[in-house]
Structures are given as structure tokens and as C-alpha cells.
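Take a look at the structure set out below.
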Amino acid sequence: MAKDSTGQDILELRSMPVETMESILATAKEMKNIVLRDIKKLPTLRGRSIINLFFEPSTRTRTSFELAGKYLGADVVNITTSASSVVKGESLRDTLLTVEAMGVDVIVMRHSAEGAAHFAAKAVQPIIVNAGDGAHEHPTQGLLDMFTIREKKGTIAGQKIVIIGDITHSRVARSDIWGLKKLGADVHLCGPATLMPRDIGELGVTVHARVEEALEGADVVNVLRIQKERQQKGLFPSAREYARIFGVNDARLKLAKPDVLILHPGPMNRGLEIAFDVAYSEQSVIQEQVTNGVAVRMSILFQALMGGKKIEAVD
Amino acid sequence: MKLLIKGGRIINPALNMDIAGDILITDGCIAEIGQKIDGAGAEIFDATGYIVAPGLVDMHVHLREPGLEAKEDIYSGTRAAAAGGFTTIACMPNTKPVVDSSIAVSGIIQRAQNEGVVRVRAIGALSKGQEGKELAEIGDMVAAGAVALSDDGHYVSSARLFQAGLLYANMFDKVVISHAEEESLVEDGHMHEGAISAMLGMRSRPAVAEDIAVMRDVMLAEYTGARLHIAHVSSANAVEFIRQAKKRGVKVTAEATPHHLTLTDEAVIGFDTATKVNPPLRSADHVQALIQGLNDGTIDAIATDHAPHAAEEKDMEYIYAPSGFAGLETSVGVILTSLYHTGQCTLPQILEKMTIGPARILGGEAGVLQPGAAADITLIDPDREWVVDETTFYTKGKKTPFSGQKLKGKAVAVFVAGELIMKNGEVLK
Ligand SMILES: [Zn+2]
């Protein structure tokens, strides 16, 4: 099914053209000015409707999309379907068809199954924005990380960027890898071998077993959230041990560049993957990532709906 | 009633025969094979330009009956087989209920006689309910006509029970077919473990799970002296273990599927559920190892593992979709396109793996053209170009990863006991 002529699905950064990423990042800059001003309202998407269709709870991402849509003047509705109330696999197409029948323009979708956004894009006409599909990708988070790094460092090209934690289960890591590499970054990964996909090196990243080695000379460190459930599955022995071996703390950060930037997709487990003093240090841009998230999502909704068009002067 | 199949290239791997010639059929049996037969009074079937081969044998098919008829049944499954060029198929017992008793085996055979258009051989379960806990009544099932035993769909995780199954089946000279995959390593995986699964973030099934399982089963076959067959081999190490075991004289045979011989895990990019299968599509190095195994005789048979599912079952998120897809109607085209027309295998090699190879493993008569044998014959046009259109399939579960692909090579006619049951892809019964 072809989408209408201007719109486009936002499914993943792996296949997204660099020009599209650049255009989203450029527009996000203008959007951030809107977010920071007193009256945050644009008429750009007036008369357009957006549904946040979340099959996994995520207050943070959902709220970010909701505000992004509203600041642009769109009508935004949230549907949060807890995974337990949906019979596995059976109802995704039905749910999508129902939403489509209500006449929405954009479906922002979060789902626990890898590829769910691709499935949706093929199943229905509205534009699909992937807000996270299993461990596959989280393209809007990737773009907001890119936006934040570029804002602080001026460029992404040539930066040593280290992603630390549970790579196996991280959609953020995958979107970051593609996005950052396309813009010329030197991407390094680190985490327990049990949480590192065996062949991830084939994606053109450097994998480190020791966090000290990974942090050496790093420009940017993105610390991933560790889910304690992984411990029950035997993927690491204890939180205590994780913090001791892989936790990002002040002492370890001395190995990085003095102006190293600390990112975290949140919510944080302070004292586990990230030490308290690091989370709130000068180098931490974790709070700012949240603000940037709204700006980037405004830009993404704009890109998705208006594809290619230039935003009219916003001031 | 006489029929003369005239002027084809007769490839009869069981007898090392590859000649231009004719086959005379009388009363459903082959009367004569020769370079020029005087078919006075016979009806003539012109086979000019075609390969005339023994009726193709597929030793690994899921007919889904009883219990799962929404996916497939004996009526539709045997017609799909005929359309694909097969005259004999063996069906796996993982139905609902499981085929684990003599009654169930007789039921399949009876239904196949009534509903089927090709010969159906039943494979019985190795363990009751395929639960891997107690042996099924193997002797009774063999008496009822079961040609092999298998818990296909599951690995028999208890080495003790598997050993018992090998020993017990061997008393009846029946082969045990193993679905070899160490389950604790593949738990909830949806595709091959490799660069592509790392990229897609999908839980995966490492090849080492198959390696370990094959190794254990081969060692038990060696230890017991019993006959073992490894279904749908897909990993390079598994091929190597089987090769080494054969050299030592272990009674092990193996099959590979058209999809594992031709597709890689890159097909999964895009999350089309038609690419989800178990064992999963692996990377190119594994595919090459399988082709090597086919060429050097390590792999004895090509089997489709035809595993249809109803359309709505496959129409969902990749990770929730069931594994398996239709294979009968694309098998010849896929194999000829990818292995013959690329020069990787010869026609006699390929046909051996699709006729006498599997027939020998199952025992009984099939897979050979010789005077006195039933006239089960498949005609193949090796150069016929066609595009896979699953809407024309006879199988109920129409998903295929080959959808829309242009293939070269097709079965164009099928005779079962001298009766023409398929012509140009159309099943006549
Ligand atoms: Zn199997």
C-alpha cells in the first residue's frame, strides 16, 4: 500500500537516508526554539491527528510524543494497551485497522516485537512512526542522541562514542549505531559478553570486554539502562557485581576526554549502571536529552507528515 | 492399457542411467525402458525436451491431518505434492493428536488412499505424544505401516530415551529421524544467530545448538549401531560431523531442504514472516557447506519440510508467527534454478537426492525406473521459466519466501501407477 505522496514512515535509522536524518536534525534545531519559548504552539499540523499506540508502557516517550504533537497543533490521542490485555500476536492488525478507520494521519507505535513497526507500515495507510520495536530500533531516541551530541560537540564525525551496557536487548543501541556511524562517528560498545550479540562487530563497531579500555579517550559515553530481570535469566550474576565491573563512575571517567559527554536514555538505575555523581555531573546532558527529545519528535512528526517540505519560518 | 512416454532424457539415478529414450507402461507398471521402443497400440505421451525421472520422493512433509486441517489436509497436501512433481511423500506425525499409535498410522494411510492423489507414507512418533518421556508403540505402528519414527518439531532432549528409541526402532529395521536442535540454546529464538540477528535485535537460534544435537545423536547411533536420519540439516558443523561419522561407518543419513540450500538469513531483513522457519535460514557459509555436503554424498536427500500454516497465522509480528511454509510446489524450481542452472550440481545428482536417496532411507519401493516397478514417473522441463505465484498453489498454507521469484525448471507431468495425475502444473484428479 503506497503512502500518500508527501508523507513517510519513520521505521529505523539503518535504512534512513543521511539526507533525511540531516533534515530532521536541522528542523529539530528550530523546533527546540519553540519548546523553549513561553507560548509553544505552531499551527503547522493543525487539523492532523496522531495516535500514540503503546503496547508497552513508557510514560517518558509517550509524553514526549504527545507534547511534540500538541506543540505543532495536531490532535493527539493516547492508547496504551498493556501487553497482558492483548492476546499475543493476534490483534495487532485488528487494532491497527480500527485506528485507521478512525481517520488518523500518524500512528506512533511502541511494541515489544521486533519488526512490529514494519508490520504496521505494510498493514495500514496512516504514517507509522516507530517509538521502539522490541530490541530492534528506537529511531527517535537515536536521533535525539545525535542531536544532543552535535549540539554540545558541534559535530559527530570523528567522535569516539562509547555505548555501555546491555547491547543485546537495546533498541537504543541499534539506532545509535546506525545513526552515529552514518554521520562519521567511531562507535565502540562495551558490556558483559552475555549481553553482547556475538556478531555485532560485523556492523562496523568496536567491541570491548573491559569498560576501562572502552572509555579510554572517549568523547561521548551513552550509558544504557540495565534491567534487573536479566539477572534472573542468568545473564549477569548480581547488580552489585555489574556496578563494580561495568558501572560508569567518576574514577573510570577520568580515562575519557576531560570534556566527555554523558548520555543515558533513562530512566536511570543510579548506583547500578551509572554512579549518582556522574548522573548529575557537569558533563551529564541527561536532562537536556529530555528537552531535545520533544524537539526532535516535533521535527520527526513534521518530517513524517510533510516529508521533504521546508518548515515555514517559525518566528 | 499401454502408454509410451516417448523421446525424453531418462535420468534414473538408482541405476546410473542417463539416456535419450522411451518408457513403455502397461497396466500401471513399467514394461520396458529403451532408446527406441515400438509402442504399437500404445497411447503416446511426447516427452521431447523433458527430463523423464523416477517419481520424486519427499520424505519430510507436514500434511497437518488430523487436527490441523485449517493449515493443510491430505486432500490438499497430496495435490500440492502432485503439482510439485512428487509421487511419494512421507508425512510427519506432529499433528493434533500426535500420530503415535497404530490406529493413527492406519488412519493416515486409509485417508490417503481415499483422498490422496500421490502415495503417502506415514511416519510415527518416537515418543508418546512427542513428549520425549516414554517410547510410543513403535512395533505396533510399524505393523500398521509406519516407515520411520520421529519426534520432528522437537528434539528428544533425553539422551536415554533417544537411545532407547534408536535401539527399539532398529529391531524393526526402521530409521529414527531426528529434529536436531538443543532446545536450551534456542529457547524463544526466531532466526539464525549472526550479524543479521544482531542487527535486527531478534532473539536467535545459534547453529551450535544444531551442532551439539547432531553430535549427540550421531554418537548414539554409533554406539547403538542403529539407523539415524538427521532432518533438515542446516549448519556447517553438522554436515562435517555427519561426513566424519559416515566415514567411520555409522549408519547415519541426512537431508537438506531447498530453502536451506538456497536462502540466507538476509532474507529476514524486512521481517517477512514467510522467511521464518525452523531450523532458521542461516548465513552463506552454512549454505555453501550444505551444497558441498550434497555434492560429496554427506547429504543423501533433498526434502522440502513442507510446513504450511493458515494465512492468518502468518499474518502477524515476526516473533509471534509460527515457523514453516509451503515447500512442495516450489522445490523443483528452486533447486534447479539455484543449484543446476548455476552449475553447482548436475541433474543426475539432484534427481538422486529427490528420488532414490530418500526412497532408500524410508525403505520400500520407490525412486527407481525399472521393468516391473510401478510406473511412478515425473517429467521435468529444466528450462521452463515461471514466476512463483502462491495464489495458484494447491496447498492451503500458501506462504513462501520464494513468492514472486522467477524460477527456471518445473515439473510438467506426473504419473502415479501409470496414470497421468498432473500436467503443466494442473492436478487432474
Ligand atoms: Zn523438524
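Positions of Cβ are set from backbone N, Cα and C atoms, glycine also.
Listed in sequence order, the residues of the same chain lying 6 or more apart from A:R60 (carbamoyl phosphate binding site) and placing their CB within less than 8 Å of its CB are A:G266, A:P267, A:V290. Under DSSP, A:R60 (carbamoyl phosphate binding site) is assigned to a helix (H, G or I) in the three-state scheme. Summarising the annotation, TrEMBL assigns carbamoyl phosphate binding site to A:R60, A:T61, A:R110, A:H138, A:Q141, A:G266, A:P267.
Annotation comment: TrEMBL describes A:K88, A:R171, A:R225 as L-aspartate binding site. Counting every protein chain shown, the number of other Cβ atoms lying within 10 Å of the Cβ of A:R171 (L-aspartate binding site) is 24.
Per TrEMBL, domain 'Aspartate/ornithine carbamoyltransferase carbamoyl-P binding' is recorded for A:9-151.
What TrEMBL lists as domain 'Aspartate/ornithine carbamoyltransferase Asp/Orn-binding' is A:158-302.
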Go ahead and report the DSSP secondary structure tallies for the domain 'Aspartate/ornithine carbamoyltransferase Asp/Orn-binding' (A:158-302): helix first, then strand, then coil.
61 helix, 24 strand, 60 coil
Just name the most isolated of the binding-site residues A:T61, A:Q141, going by other Cβ atoms within 10 Å of its Cβ.
A:T61
Could you check the binding-site residues A:R60, A:T61, A:R171 and tell me which sit with their Cβ under 8 Å of a chain B Cβ?
A:R171
Any same-chain residues 6+ apart from A:H138 (carbamoyl phosphate binding site) with CB under 8 Å of its CB? Would you list them in sequence order, or say none?
A:N130, A:A131, A:G132, A:R171, A:V172, A:R174, A:S175, A:P265
Near the Cβ of A:R110 (carbamoyl phosphate binding site), how many other Cβ atoms are there if near means within 10 Å?
25
By DSSP, what is the split of the domain 'Aspartate/ornithine carbamoyltransferase carbamoyl-P binding' (A:9-151) into helix, strand and coil residues?
66 helix, 27 strand, 50 coil
Among A:R60, A:T61, A:R110, A:H138, A:Q141, A:G266, A:P267, the annotated carbamoyl phosphate contacts, find the widest CA pair distance and round it to a whole Å.
17
